């Protein structure tokens with residue numbers, strides 16, 4: 001009986017843990033609410049990734065959100081004031097529920113862009 005229990009214990013310890021990472025997935029969505037479809041990642045995909053791109057000029061703005069599984073973790077971000085892009089990654093169950101948190105608006109650059117737009121429009125009327 002002890003030999004059987006020892007064999008079962010050895011088998012359990014030697015078996016690799018099953019890959020069960022599940023991430024939210026979407027492509028080019030305009031809202032985070034459209035990105036709530038869970039998918040099971042492939043064995044080599046160990047990270048959930050969220051890619052965010054946002055643009056705002058004057059009173060018009062737009063954004064694109066993509067989510068999914070990835071074998072690498074490419075966290076990065078850039079903020080140019082009127083445009084921003086970021087990639088956020090994590091590695092736990094449904095961890096990419098939110099949009100990327102690394103993008104922050106630069107209100108000074110946005111205000112400067114709006115001011116330059118107004119000056120351009122006013123000069124175009126002359």
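Indices start at 1 and increase along the chain as displayed.
Using N, Cα and C of the backbone, Cβ positions are placed for all residues, glycine too.
Database features, via Swiss-Prot:
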- 1-20: signal peptide (SIGNAL)
- 21-98: domain 'UPAR/Ly6' (DOMAIN)
- 23-48: disulfide bond (DISULFID)
- 26-35: disulfide bond (DISULFID)
- 41-69: disulfide bond (DISULFID)
- 73-89: disulfide bond (DISULFID)
- 90-95: disulfide bond (DISULFID)
- 96: N-linked glycosylation site (CARBOHYD)
- 98: GPI-anchor amidated serine (LIPID)
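In this structure, residue 90 (disulfide bond) is part of a beta strand by DSSP. Look at the Cβ of each of the disulfide-bonded residues 26, 35, 90 and count the other Cβ atoms within 10 Å; the largest number goes with 35.
Taken residue by residue, the domain 'UPAR/Ly6' (21-98) breaks down under DSSP into 3 helix, 46 strand, 29 coil. Less than 8 angstroms from the CB of residue 23 (disulfide bond) sit 38, 39, 41, 48, 49, 67, 68, 69, 94, 95, 96, each of them six or more residues away in the same chain. Cβ packing within 10 Å was compared across the recorded positions 96, 98, and the lowest neighbour count falls to 98. Using a 10 Å Cα-Cα cut-off from residue 90 (disulfide bond), the recorded positions that qualify among 26, 73, 98 are 73. Considering only the disulfide-bonded residues 41, 48, 73, 89, the Cβ with the fewest other Cβ atoms within 10 Å is that of 73.
The candidate set comprises the disulfide-bonded residues 69, 95. Of these, 69 has the most other Cβ atoms within 10 Å.
Rounded to the nearest whole angstrom, the C-alpha distance between residue 73 (disulfide bond) and residue 35 (disulfide bond) is 19.
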